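To keep things clear, I will list the structure first and then write my remarks on it.
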Amino acid sequence: MGLFESVKSIDWEQESFPTYQDLGFLPLFAVFFPTIRFLLDRFVFEKLASLVIYGRMSTNKSDNIKDRKKNSPKVRKFKESAWKCIYYLSAELLALSVTYNEPWFSNTLYFWIGPGDQIWPDQPMKMKLKFLYMFAAGFYTYSIFALVFWETRRSDFGVSMGHHITTLVLIVLSYICRLTRAGSVILALHDASDVFLEIGKMSKYCGAESLASISFVLFALSWVVLRLIYYPFWILWSTSYQIIMTVDKEKHPNGPILYYMFNTLLYFLLVLHIFWWVLIYRMLVKQVQDRGKLSEDVRSDSESDDEHED
């Protein structure tokens, strides 16, 4: 039986409770992502970046010049954005496919009770939700190392590292403690805006200013709606208040510890959202002043793009 047939034969609707043994799949996904990225970088993104940034004529130049093009900051950062765009788009589509038809996608009360007589923590997970969790956990495990050894160093390196570590801890904690209903919606909220950001950055690197400006505006709007409105006023409201009103605290003596751990991490993410929004707002003001032209990346790079290139 081939890989496709094996995947097709899995009952993705099958329900079971999460176990520590499930986390054994996490290292496999953590290795999967750098492998896929390396292959895409080598055979797809590098050629695409050279084509859209320098044009077809660059393929006729000498090997020395072509090597310099391939190692240029614009090409390197275009490949980074292309990879992130592929991941965030696939992760968003996966999260929506897993959560969209579930009752808790549109009603946060179902994070904790229902359907039927299910009450947290006695809420089994579908196989597809387990896959989503291992997919995301593997990516953020890889991202911690990629931020140090692979990515372009940016001025918000520390903030990004804090975000990746917090997100990974939240994913693992919510999986083990059966808080995956809330976690799955949070994953769906957080990946959408990053798709627009990476499209905008790629457009900027290849000189498509209009598309870059439009993408950045869509990124800013989605950031406000999803991360600064829906996340705090629906998700955090549910994890902070709604859970207290629906879950019997006397049956869960360790509940207060988990409650404060989970919410502390979630509110820390909100602080990061606000920090990044300040940077986004400055970019919006700059974009208006420049009559719609996007002047630079939302997060400034530690190295300049203005170095000489033939």
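Along the chain as shown, the residues are counted starting at 1.
A Cβ is built for glycine as well, from the same backbone N, Cα and C atoms used for every other residue.
Per Swiss-Prot, the features are as follows:
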type	residues	note
DOMAIN	76-289	domain 'TLC'
MOD_RES	SER300	phosphoserine
MOD_RES	SER302	phosphoserine
TRANSMEM	16-36	transmembrane segment
TRANSMEM	85-105	transmembrane segment
TRANSMEM	131-151	transmembrane segment
TRANSMEM	157-177	transmembrane segment
TRANSMEM	216-236	transmembrane segment
TRANSMEM	260-280	transmembrane segment
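Counted over residue pairs separated by six or more positions, the transmembrane segment (157-177) shares at least 3 Cβ pairs under 8 angstroms with the transmembrane segment (131-151), which defines the two as touching. Over the domain 'TLC' (76-289) the predicted model carries a mean pLDDT of 93. Beyond its flanks by at least six residues, the transmembrane segment (85-105) meets 33, 40, 111, 114-115, 126, 128-129, 131-132, 135-136, 139, 181-182, 184-185, 187-188, 191-192, 194-195, 198-199, 202 of its own chain at Cβ-Cβ distances under 8 Å.
Among 16-36, 131-151, 216-236, 216-236 has the largest number of CB pairs under 8 A with the transmembrane segment (260-280). Non-local neighbours of the transmembrane segment (16-36) in the same chain are 87, 124-125, 127, 130, 134-135, 137-139, 141-142, 145-146, 150, 172, 175-176, 178, 180; each lies 6+ residues outside the stretch with a CB under 8 Å from one of its CB atoms.
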